[in-house]
Amino acid sequence: QKQFDTVIHILIILYSNAPVIQLRLAGEKRKHYEGRVEVFYNGEWGTVCDDDFSIYAAQVVCRELGFMDAESWSPSAKYGKGEGRIWLDNLHCTGGEKSLAQCESNGFGVSDCKHSEDVGVACTQKRIPGFQFIRNQANNDESLTVQVEDVRIRATYSHRRRIPITDGFLEVKDGGKWRQICNEDWTEKNSRVICGMYGFPGEKRVNMRPYKLLAKRRKKNYWGFSVNCTGNEADLSDCKLGREIELKGNHTCEKGMPVVVSCVPGRAFAPSVSAGFSKAYRVEQPLVRLRGGAMIGEGRVEVLKNGEWGTVCDDNWDIRAATVVCRELGFGSAKEALTGARLGQGIGPVHMNEVQCSGFEKSLTECYFNREALGCSHEEDAAVRCHVPAMGFNKRVRLSGGRNPYEGRVEVLGERNGSLVWGTVCSDSWGTMEAMVVCRQLGLGFASHAFQETYYWQGDASADAIVMSGVRCSGTELTLDQCLHHGRHVDCPKGGGRFAAGVSCTQAAPDLVLDAQVVEQTTYLEDRPMYILKCAQEEHCLSSSADNADPSSYRRLLRFSSQIHNNGQTDFRPRAAHHSWIWHECHRHYHSMEVFTHYDLLSLNGTKVAEGHKASFCLEDTHCNEGIQKKYECANFGAQGISVGCSDTYRHDIDCQWIDITDLKPGDYLFQVVINPNFEVAESDYTNNIMKCRSRYDGHRMWTYNCRIGETITLLGS
């Protein structure tokens, strides 16, 4: 016992003698809760070497900075090389130390490392409740950033019911208490950063009179510092700590008052589309868009140039450039700048490379960039995740009875007898598009399946009654009640209960894209005798006039190859289970999807003039990118699907890979291919599922040209 007490006593002396240090996270391409570990000691900032560093040391760093825990640590200067001294090397922590200075090491400044070995950590985003940030000799250092537990815009009582909250007193939580900031040194640039954090693209001036009256009546509890933001930071924690404010009770901030922030919401989140708002937002052709994201305000960045959408290469892609994109699209600042096609690969050209933004540009197209995208492929497509306003969308819908939080019967807040109650949704016409909106509204990602029967999920019995029916969504809505529906007059012949609508959601989805070039290069005409088209006729691959055709007659077929690539983040799998696949005697294999594509020829005004849809398909990996193993094949009742990075090719010479144009008159037409036309399987992007080409037929030959994917088809009329 005496020995144990002596050891404890020595440890207490050691701990109490540990030098006082200050920590910060710094570096490139990082979020505010991760970065290179930097230590302020003996009047200067330095780094920590990665030798012997461990997750226990990372935990000490994160807790010393006010985060609950550490997620991971990174060696070899992941966040860039630091400067100055390497203060600590060969660190050995148990994880229980209160400061990194208490861990065993070689001693301060004793190191044989280079800055290429600077260590970095990633902390959990959650802050320690009531954490008091100890600010010591580093306070005078200009590069110290703002560290607080939390930030909020506190609306006045009359504005509290407004959604979203755009105006109010700014408060920071430090040491477990909410405190106001003195506005003596406050700038519009500071407000711009706060608005960005809260999902708003900009700030505006505010009428201070009502706030001054309120501030006089309220008891104030000021924070002891001012804030210095440049205006292009993505978060308050990236701003520099300003001068120390002398706290003198009621006499604190005598020349000023608490900071008030007023933000301008993006069009999608505006409280009401009044005359003022419609004037403020001119509807223009956007030059930038997001694709392939599961949540509101995230996606692969795509840019319109010379009438064609293309992607952005991730070389030098950073939080500043991402923030310009987010603000341009009516969101706040960027939460993350994503690289390496994290939100799926795009198609078409790579329009921008090595983008450099100041952070104040109105559009990404105003930033400096290298027009040469040499060496850039779609594997390097840049993406963003933006801050979006707290709209409370997820509080108006819930999933009930599922085996996990990602599935269940859909229950919504609906009006009955003048009050809001939870109820179910009629499953008539319920499909993937409706399920997509529910999953997005709940922040659960993409839809995996839409269910028209949910008897196997025991929902809340008090919510059995149908409160919403006739739901039809386009897939772009932010909430289910923005979709077309019957309103107060519910009409559901099936009734609720076992027939209530349900969904399952997933974080990743496939994304099928047709290779337009392959179609254009392989199109030709063939005259084929009826007597060898029996199989095709059985599968409805010929036009209706073939039913009465002479067996010795010929059909004129527009043949082509189609190569369908999966650019998404997960495999494309048929919805139908193995046992329900249909055996096709003619082709001697099972078809897992009865309607997978539509092949049509349209007049220039969009009327169908011929069709020959190769409706049902057997899905398999015909060709895969380098390093990817084939998973799916049709032979021997094998598993069917299209793997990520693989394509399914239907050659021009197989049955039904055509459009029957026997009855077509000479003229100009649109040739159209639509993949997954009934949205039977959920995808991250349906806009690239359609391809249109211009076609000219002179009665003998067919020219096919200008094949385009997605929304670029609007250019075809020229």
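Glycine too: its Cβ is placed from the backbone N, Cα and C atoms.
For reference, TrEMBL has these:
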DISULFID  Cys49-Cys113  disulfide bond
DISULFID  Cys62-Cys123  disulfide bond
DISULFID  Cys93-Cys103  disulfide bond
DISULFID  Cys229-Cys239  disulfide bond
DISULFID  Cys357-Cys367  disulfide bond
DISULFID  Cys473-Cys483  disulfide bond
DOMAIN    23-124  domain 'SRCR'
DOMAIN    153-264  domain 'SRCR'
DOMAIN    288-387  domain 'SRCR'
DOMAIN    397-506  domain 'SRCR'
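Averaged across the domain 'SRCR' (288-387), the predicted model reaches a pLDDT of 90.
If you take the Cα of Cys239 (disulfide bond) and the Cα of Cys367 (disulfide bond), they are about 22 angstrom apart, rounded to a whole number. Here the candidates are the disulfide-bonded residues Cys123, Cys357, Cys483, and by Cα distance the one nearest Cys49 (disulfide bond) turns out to be Cys123.
Nearest in space to Cys367 (disulfide bond), taking C-alpha to C-alpha distance over the disulfide-bonded residues Cys62, Cys113, Cys229, Cys473, is Cys229.
Cα of Cys103 (disulfide bond) to Cα of Cys357 (disulfide bond): a distance of 41 Å. Each of the disulfide-bonded residues Cys367, Cys473 was assessed for Cβ neighbours inside 10 Å, and the highest tally belongs to Cys473.
Take the Cα of Cys357 (disulfide bond) and measure to each of the disulfide-bonded residues Cys62, Cys93, Cys473: the nearest one is Cys62. Residue counts of the domain 'SRCR' (23-124) by helix, strand and coil are 16 helix, 35 strand, 51 coil (DSSP-based). For the domain 'SRCR' (153-264), the DSSP counts in helix, strand and coil order read 31 helix, 33 strand, 48 coil.
Its Cβ placed at the centre, Cys239 (disulfide bond) has 19 other Cβ atoms within 10 Å. Using a 10 angstroms CA-CA radius around Cys483 (disulfide bond), none of the disulfide-bonded residues in Cys62, Cys93, Cys123 qualify. The two recorded residues, Cys229 (disulfide bond) and Cys113 (disulfide bond), have Cα atoms 34 Å apart. Looking only at the disulfide-bonded residues Cys62, Cys93, Cys123, Cys473, the one with its C-alpha closest to Cys113 (disulfide bond) is Cys93.
Across the structure, Cys62 (disulfide bond) and Cys473 (disulfide bond) place their CA atoms 44 angstrom apart. DSSP places the residues of the domain 'SRCR' (288-387) in helix, strand and coil in these numbers: 16 helix, 38 strand, 46 coil.
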